[in-house]
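Visitor: Here it is, the structure in full.
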Amino acid sequence: MCDESKPVDGEVNDNKYFSKTAATDAEVTFEHRSAPPETRLYKKRWVIVFLFSLYSLCNSYQWIQYGIINNIFMRFYGVDSFTIDWMSMIYMLTYIPLIFPVALLLDKKGLRVIALVAAALNCTGTWIKVASARPDLFPVTFLGQFTCSVAQVFILGMPSRIASVWFGSEEVSTACSIGVFGNQLGIAIGFLVPPILVPNVDDLDELAAHIRVMFYITAGVATFLFVLVVIVFQERPDIPPTHAQAAARRISPENYSYTASIHRLLRNKAFILLVITYGLNVGCFYAVSTLLNRMIIEHYPGEEVNAGRIGLTIVIAGMVGSLICGIWLDRSKTYKQTTLAVYLMSLVGMVLYAFTLDLGHLWVVFITAGTLGFFMTGYLPLGFEFAVELTFPESEGTSSGLLNCSAQVFGIIFTICQGKIMDSFNTLAGNLFLCAFLLIGTIITGADCSILIYLGICSSLIPQCPLMFQLMFKLLNTEKKHWVV
């Protein structure tokens, strides 16, 4: 990131606001000017963040439940693989136009309203799916998935807001990691459970029964969580956890301009770089997750269950990475250095995964996929917390919303492009496509020069990608004949 925008020792950012770290440090001197406001940490803060994690889990599980058994749903509903890919991509597409009104609603109405809407929509979508377990009802199951995708918009921007509203300054990164943890665990369960509940049987009536059971279980869990949210979820603690939150409460909602906040964020060069690099990294994760079944089945036919287990390995490793990174950030506050290190290792993990996928040994794929997941999905909370640090005192919901919007855009582009490359060439070609963009993201993350120079380099490289890939694939196909495994 550019030196002029780094929030070091309370240096002013481009938007003329102090960093969150500086604001926290300023609390120490607050008492020398006037009596500091009362602060308190409530035990209920852990109930709130874990309840959020649970309904986030239920929603993210459904994102991948179709894609991980892509071939089974293709046969059941009589559609092609690209159509089933859209059952995952609809989560990304829905997010893009809705995130800004939802972020505004979060700022105006608060956490409880957003939580209630998210849980209600998620519950509704699951019951629509229950009615869709017939081969002629694909539009109904798509409607259910669309409803759940709208619920996701009300979920993804919440972790950083919950962390800042409920937790102390030494806990916010850990709390944010727990919030993201639920989303990742849901994806992990989405990789693991559908291949077990819906085996690849020939009889369509039997297959419909298995699909119906899966949908009923999901609907039951979503309904239970909705009831819990109605009863338990609280807007905010009676007494704020930090002096910064106490100051934030004194700002009237009428004095807050959402449009002005967006404009300030878009003028923050360091944040814009983070938006781009976050989108590249998480977009690659979305593409790998959506197309994982196709990748594994191509090289290991009949291994639907192991495809799910490999996805589970990716996400579980990422959950461990998320928690470790969150704890490390709480202690060190080395946002840029940690982000760069994790980004670089994500690139290394992607390269290892790409070149070991077709070796014929599933145990090797499990190891390389776990390495990839540890760093790539471990990056998720880093991006959120780095954004809060770069943009304080702007709303956490707005900054995280822009990050997620970038991820959805790149996720759709990467999923479609990688799928087409896999169809035209092979899985290695598709994975190398992602490696190229992770390399660009790593360069931008570590850049200390002008933003315009690096964006200019990227814009000049991207149009050359098709030619580069064609030459690379010809070389690889030639060289691969001489490889000895």
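Glycine is no exception: its Cβ is also placed from the backbone N, Cα and C atoms.
Pulled these from TrEMBL:
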type	residues	note
TRANSMEM	46-64	transmembrane segment
DOMAIN	48-459	domain 'Major facilitator superfamily (MFS) profile'
TRANSMEM	84-106	transmembrane segment
TRANSMEM	113-131	transmembrane segment
TRANSMEM	137-160	transmembrane segment
TRANSMEM	172-193	transmembrane segment
TRANSMEM	213-233	transmembrane segment
TRANSMEM	270-288	transmembrane segment
TRANSMEM	308-328	transmembrane segment
TRANSMEM	340-356	transmembrane segment
TRANSMEM	362-382	transmembrane segment
TRANSMEM	428-445	transmembrane segment
TRANSMEM	451-473	transmembrane segment
Visitor: Averaged over the whole of the domain 'Major facilitator superfamily (MFS) profile' (48-459), what is the pLDDT?
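Guide: Across the domain 'Major facilitator superfamily (MFS) profile' (48-459), the average pLDDT comes out at 84.
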Visitor: Below 8 angstroms Cβ to Cβ, which residues of this chain, lying six or more residues outside the transmembrane segment (362-382), approach it?
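Guide: Contacts of the transmembrane segment (362-382) (Cβ under 8 Å, skipping residues fewer than 6 from its ends): 159, 173, 176-177, 179-180, 183-184, 278, 281-282, 284-285, 288, 296, 300, 303, 306, 309-311, 313-322, 324-326, 329, 335, 338-339, 342-343, 345-346, 348-350, 352-353, 356.
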Visitor: For the transmembrane segment (308-328) and the transmembrane segment (172-193), does the number of C-beta pairs under 8 Å, pairs 6 or more apart in sequence, reach 3 or more?
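Guide: These two segments touch.
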